[in-house]
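**Student:** Structure provided below as structure tokens; questions to follow.
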């Protein structure tokens, strides 16, 4: 009886969205560390004959150019597929916006594994990025996850539920980051660095896909009675939680979209460059240090979740967004003066609430639209964030 009860409990857990989030983020974190270190190794001896750059500066330029091209491809190609997948989701096929992108993620990680094992050209990753993008990529996957979490919760608990999804994502990333640097160092003479790490990442992606297709069940949507007279920008948290609206509040949605676009431009633009900055002097991180640095970033998911749990008792969601933006601004300003690893982690400490704004904005957006349009609206928000990368990725890279 105990064994049967344990099996039933395990099956119930596997049918939730949480195992998909954990497996996918573990695979993603392992892949990101391996990808960054493989690019560093492949660009170590590159030079630019027509310039007077040093070897180190030439390597940094090569890495920056590669990641700029890769990020633009993987950001732009999913836009149309993501919108189509979101429409399928809103018509009742809630698994589709999650399963299809997972296929693309699996292909991308398998491609890098082949590049490492067979010493194929690094440019092969550009083609893999196109195929991953055509499957919807993160632009379709994450709105699909957030939509499922949103529609399975009440309006009063929605921001907490979405932030809990984010913190689960962050904890999985934290675990993956702590072990990824050590796993990258494990190799055999015939396979080289990163093979075991990428093999594990690919295996986790495959397990995630299988679990999502055959085990996960879609929770019934939680329908709440809307209040037509609700306000988004209420001045006092004592007025109670925000309620869902009957129609789309276009003004609130537009303001939330603008806030998300401006914030993500500053946040992701600087984070993309930070990934290259830590690999060169004065920090010159190894694979293990890169893993620890990623882990510090994932810890922000946990501290941001705790911030939401504590602060939302006395402040509104709008104030929560402002707290997160101030946290990010102070941390990234201090980061511009970092010259040692110790100061890097101090700057990261100031970013402890930096991940509050975007989940809270997504929560508020989901409350401004009816359930039948929730998936499409969140996908449009993600598409807007992808479009703005056309500006901030090249701008931050060149600067």
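Here, residue 1 is simply the first one shown, and the rest follow in order.
From the backbone N, Cα and C atoms, a Cβ is placed for every residue, glycine too.
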**Student:** Given the ranges 1-21, 22-42, 43-63, 190-210, which one is assigned the annotation transmembrane segment in TrEMBL?
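**Tutor:** Among 1-21, 22-42, 43-63, 190-210, the range TrEMBL annotates as transmembrane segment is 190-210.
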**Student:** Counting only pairs 6 or more apart in sequence, are there at least 3 Cβ pairs under 8 Å between the transmembrane segment (190-210) and the transmembrane segment (253-279)?
**Tutor:** no
**Student:** Take the C-beta pairs under 8 A between the transmembrane segment (253-279) and each of 66-86, 291-311, 373-393. Which stretch has the highest count?
**Tutor:** 373-393
**Student:** Could you give the residue numbers and ranges of same-chain residues that sit at least 6 residues beyond the transmembrane segment (66-86) on either side and whose C-beta is under 8 angstroms from one of its C-beta atoms?
**Tutor:** 39, 43, 96-97, 100-101, 122, 125-126, 129-130, 132-140, 143-144, 272, 275-276, 375-376, 378-380, 382-383, 386-387, 389-390, 393-394, 397
**Student:** Among 124-149, 161-184, 318-336, 373-393, point out the range having the most Cβ pairs under 8 angstroms from the transmembrane segment (291-311).
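**Tutor:** Stretch with maximum Cβ contacts: 161-184.
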**Student:** Residues of the same chain, at least six outside the transmembrane segment (373-393), with any C-beta under 8 angstroms of its C-beta?
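**Tutor:** Counting only partners 6 or more residues beyond its ends, the transmembrane segment (373-393) has Cβ contacts under 8 Å with 68, 71-72, 75-76, 78-79, 82-83, 85-87, 89-90, 94, 97, 138-140, 142-144, 146-147, 150-151, 248, 253, 256-257, 260-261, 264-266, 268-269, 272, 361-362, 365-366.
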